[in-house]
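This is the structure I have questions about; it appears just below.
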2 protein chains.
Amino acid sequence: MSIRYIGQKLAQHIDDELMSASGAFSLDQLMELAGLSCAQALAKAYAPTTHRRVLVCCGPGNQGGDGLVAARHLHHFAYTPTIYYPKPGAKELYSRLVRQARNLDIEVLGPDADFGQALAQADVVLDAIFGFSFQPPVRAPFDRVLDLLAAAPTPIVSVDIPSGWGVEAGRQPLYAADPAAPDSKGRTVATLDPEVLVSLTAPKEGVREFKGRHYLGGRFVPDALAAKYELNLPTYPGTDQVVELDAGHAKL
Amino acid sequence: MSIRYIGQKLAQHIDDELMSASGAFSLDQLMELAGLSCAQALAKAYAPTTHRRVLVCCGPGNQGGDGLVAARHLHHFAYTPTIYYPKPGAKELYSRLVRQARNLDIEVLGPDADFGQALAQADVVLDAIFGFSFQPPVRAPFDRVLDLLAAAPTPIVSVDIPSGWGVEAGRQPLYAADPAAPDSKGRTVATLDPEVLVSLTAPKEGVREFKGRHYLGGRFVPDALAAKYELNLPTYPGTDQVVELDAGHAKL
């Protein structure tokens with residue numbers, strides 16, 4: 001039985017179910033565990049001795065929140081993270097997560113920061129920009145951010161779906177929204193090719209063809225929920241919050 | 001520099017500071033990480049192959065909440081936990097944590113359960129009854145529970161302070177409150193001698209003389225807070241949520 005690759009709608013549904021009255025999880029809990037998974041996966045792929053400086057790129061939604069949590073854990077794991085968070089989301093939780101990061105002296109870069117310079121100083125990037133609810137087009141400033149990430153030699157660890165890939169359609173050139181003419185599709189955004197992917201809860205359809213190291217995180221899915229949606233989740237080792245998907249798991 | 005053993009007042013103060021506006025942590029977050037630490041420490045000391053059945057004894061306060069979280073993670077770590085929770089606390093979070101456990105088919109025993117029978121069927125006990133805010137006397141039903149735990153051959157993993165020990169005074173016989181005469185000190189409660197201790201955030205003064213395996217958990221204390229209170233925390237290994245305190249750490 002191979003692991004199931006899920007679509008956008010089911011991913012959203014599972015998330016909703018976990019946080020429903022019957023699932024009983026709070027966003028604080030799930031984000032803490034998801035972010036910890038991301039930090040652990042990065043640590044498995046890149047040691048702090050060789051890749052100390054981590055640029056954590058956070059989008060405006062819940063995946064950005066996972067990134068904020070991951071940055072905090074990476075600090076405790078002996079990395080030196082920098083957070084790039086140009087469009088902070090509105091939820092109160094996000095501002096608390098930023099505060100927690102600042103309390104560790106983690107630098108938090110806003111919209112006026114020089115992203116190119118921050119990228120040049122990083123040993124590895126955690127891409128927590130777009131998650132399973134992403135809908136194109138890619139809006140500023142992330143169009144330029146993706147272009148710079150794609151052009152840089154810095155290895156990338158993407159969360160759930162490489163930012164810019166279709167959640168179901170996968171690796172493909174996407175269009176950037178032109179602020180001067182929102183309907184224009186005049187410019188494509190460069191496509192990311194991360195070395196490492198951390199799928200949360202279950203991998204998404206768009207990453208079927210992903211060729212790099214692939215981890216699964218989110219060791220909190222109830223067995224009954226996994227059975228109901230036939231997720232066929234693999235066994236996590238020991239007390240790890242991530243499991244690496246090998247060929248036997250990752251291929252259908 | 002040896003790790004600092006902290007008193008009841010400072011333990012409470014650090015907890016308050018973490019959850020203050022400036023600390024910015026929610027109880028959901030801290031309890032999730034604390035409970036995960038407890039589950040990981042138990043897993044380091046007792047493998048699920050030899051100690052599958054874990055009786056998680058939860059008190060009415062926040063330490064009971066840590067126990068509820070730990071039970072959930074233990075389930076995911078391939079143990080079969082049973083929760084004993086005779087006096088559920090009032091916080092809404094606790095009822096959600098119980099629900100999350102029930103969603104994994106973890107049995108939750110209430111005040112009418114036969115504790116002795118549950119104990120007889122367990123391979124190891126996680127003692128999350130009383131934490132750093134404990135004040136004697138020990139009230140029913142926990143007086144009888146401590147007597148049964150102390151008499152049983154089952155190994156015990158205690159969280160923060162072995163239940164019944166003084167948070168500062170340490171290992172000593174404590175008095176049970178007699179429901180018929182609350183001021184009476186007519187009966188002492190048996191003293192627990194756990195094999196394993198998981199101190200959260202920093203060890204408490206009462207466990208200086210603890211002789212078993214001693215883990216520290218709570219890998220979320222900001223460096224500035226640790227420095228301010230001269231906690232002299234040890235370095236956690238890898239991405240672990242616990243660190244074992246050896247002779248060099250544990251002795252002053």
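Every residue gets a Cβ built from N, Cα and C, even glycine.
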For the K(+) site that TrEMBL lists with B:Q63, B:D127, give the additional residue from the candidates B:S26, B:S95, B:S163.
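As annotated by TrEMBL, B:Q63, B:D127 share the K(+) site with B:S163, chosen from B:S26, B:S95, B:S163.
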For the (6S)-NADPHX site that TrEMBL gives with B:N62, B:Q63, B:G64, B:G65, B:D66, B:G131, B:F132, B:S133, B:F134, B:Q135, B:P136, B:P137, which of B:D112, B:D114, B:D147, B:D160 also belongs there?
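(6S)-NADPHX site check in TrEMBL: besides B:N62, B:Q63, B:G64, B:G65, B:D66, B:G131, B:F132, B:S133, B:F134, B:Q135, B:P136, B:P137, the record includes B:D160 out of B:D112, B:D114, B:D147, B:D160.
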For B:D127 (K(+) binding site), write down the residues of its own chain that are at least 6 apart in sequence and whose Cβ falls under 8 Å from its Cβ; none is a fine answer.
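Expected: B:C57, B:L149, B:I156, B:V157, B:S158, B:V159, B:P162, B:S163, B:L192, B:P194.
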When you measure from the Cβ of B:S163 (K(+) binding site), how many other Cβ atoms are you left with inside 10 Å?
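Its Cβ has 28 other Cβ atoms within 10 Å.
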Go through B:F132, B:F134, our binding-site residues, and report the one whose Cβ sees the most other Cβ atoms within 10 Å.
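Result for the most crowded candidate: B:F132.
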Counting Cβ atoms within 10 Å of each candidate's own Cβ, which of the binding-site residues B:N62, B:Q63 comes out highest?
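Counting Cβ neighbours within 10 Å, the top one is B:Q63.
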Restricting to the same chain and to sequence separations of six or more, state which residues have a Cβ under 8 Å from that of B:D160 ((6S)-NADPHX binding site).
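B:Q63, B:G131, B:F132, B:L197, B:V198, B:S199, B:L200, B:K204 - these are the non-local Cβ neighbours of B:D160 ((6S)-NADPHX binding site), listed in sequence order.
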Going by a 10 angstroms cut-off between Cβ atoms, which of the binding-site residues B:G64, B:D66, B:P136 has the sparsest surroundings?
B:P136
